[in-house]
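Here's the structure, in structure tokens; my notes come after.
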Amino acid sequence: MRLSRRPETFLLAFVLLCTLLGLGCPLHCEICTAAGSRCHGQMKTCSSDKDTCVLLVGKATSKGKELVHTYKGCIRSQDCYSGVISTTMGPKDHMVTSSFCCQSDGCNSAFLSVPLTNLTENGLMCPACTASFRDKCMGPMTHCTGKENHCVSLSGHVQAGIFKPRFAMRGCATESMCFTKPGAEVPTGTNVLFLHHIECTHSP
């Protein structure tokens, strides 16, 4: 019997062989980042430690202005959360992201709707601040909104081109933010946060 030379048949056979033999074949994900609710990029091979594709759409609201960004890339499965995360880092600084995690080639080529921002105060409060080039920050109490019921404190560095400045943030967050652990790489839509420290507590 002759083997098919069709590329799609060969690819399927290759994937099946990897699965059956436990070879751990590398994952291929679409890679891109752009302003707006869509981005399109090339398929690239993920590094051996990144076994998941991620699609993330983030919306930041600051001083009445809204910015939407989309991110697609490779990520470690333990760093990826499928769902919505909402944070408030000040009275006029809100961020909400919607993410989709998957583990097959090109699975993050889909489309996600821009998440809705719920700015309705829920009666809870947390200390809030943001700071660059620091590991800690202090700030006044701010009102939590929507389903935000935890106070979060986090620090690390930002992957911003060749620069990796430190940052610190505190504020309100949904419980989904608390699944993130130190050492995680967290895409936000515009860049990637490398977390050194994160602490979540129930809002008083």
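Positions of Cβ are set from backbone N, Cα and C atoms, glycine also.
Look at Swiss-Prot and you will find 1-26 tagged as signal peptide.
What Swiss-Prot lists as domain 'UPAR/Ly6' is 27-117.
If you draw a 10 Å sphere around the CB of Cys29 (disulfide bond), it holds 27 other CB atoms from the protein chains shown. Marked as disulfide bond by Swiss-Prot: Cys29-Cys53 (among others).
Annotation comment: Swiss-Prot describes Cys32-Cys39 (among others) as disulfide bond. Note: Cys32 (disulfide bond) has non-local neighbours Cys39, His40, Gly41, Gln42, Thr70, Tyr71, Lys72, Gly73, i.e. same-chain residues 6+ apart with C-beta under 8 A of its own C-beta. Look at Cys32 (disulfide bond): DSSP puts it in a strand.
Classification of Cys46 (disulfide bond) by DSSP places it in coil, neither helical nor stranded. Note: Cys46 (disulfide bond) has non-local neighbours Pro26, Leu27, His28, Cys29, Cys53, Cys74, i.e. same-chain residues 6+ apart with C-beta under 8 A of its own C-beta. The feature disulfide bond is assigned by Swiss-Prot to Cys46-Cys74 (among others), with similarity to another entry given as support.
Under the three-state DSSP scheme, Cys101 (disulfide bond) falls in the strand class. Swiss-Prot lists Cys80-Cys101 (among others) with the feature disulfide bond.
Among the features that Swiss-Prot reports, disulfide bond is placed at Cys102-Cys107 (among others), with the record citing similarity to another entry.
Taken from Swiss-Prot, the feature disulfide bond covers Cys126-Cys151 (among others). Annotation note: Cys126 (disulfide bond) sits in a strand segment as assigned by DSSP.
Residues near Cys144 (disulfide bond) in space but far in sequence (CB under 8 A, at least 6 apart, same chain), listed by position: Thr88, Glu121, Asn122, Gly123, Leu124, Met125, Cys126, Cys172, Ser203. The disulfide bond annotation in Swiss-Prot covers Cys144-Cys172 (among others) and is backed by similarity to another entry.
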Integer Cα-Cα distance in angstrom, Cys107 (disulfide bond) to Cys151 (disulfide bond): 33
Tally of DSSP helical, extended and coil residues in the domain 'UPAR/Ly6' (27-117): 6 helix, 52 strand, 33 coil
Residue among disulfide-bonded residues Cys39, Cys74, Cys80, Cys151, Cys172 with least C-beta crowding, 10 angstrom cut-off: Cys39
Reported mean pLDDT - the domain 'UPAR/Ly6' (27-117): 94
Cβ atoms near Cys102 (disulfide bond) (within 10 Å, other residues, all chains): 18
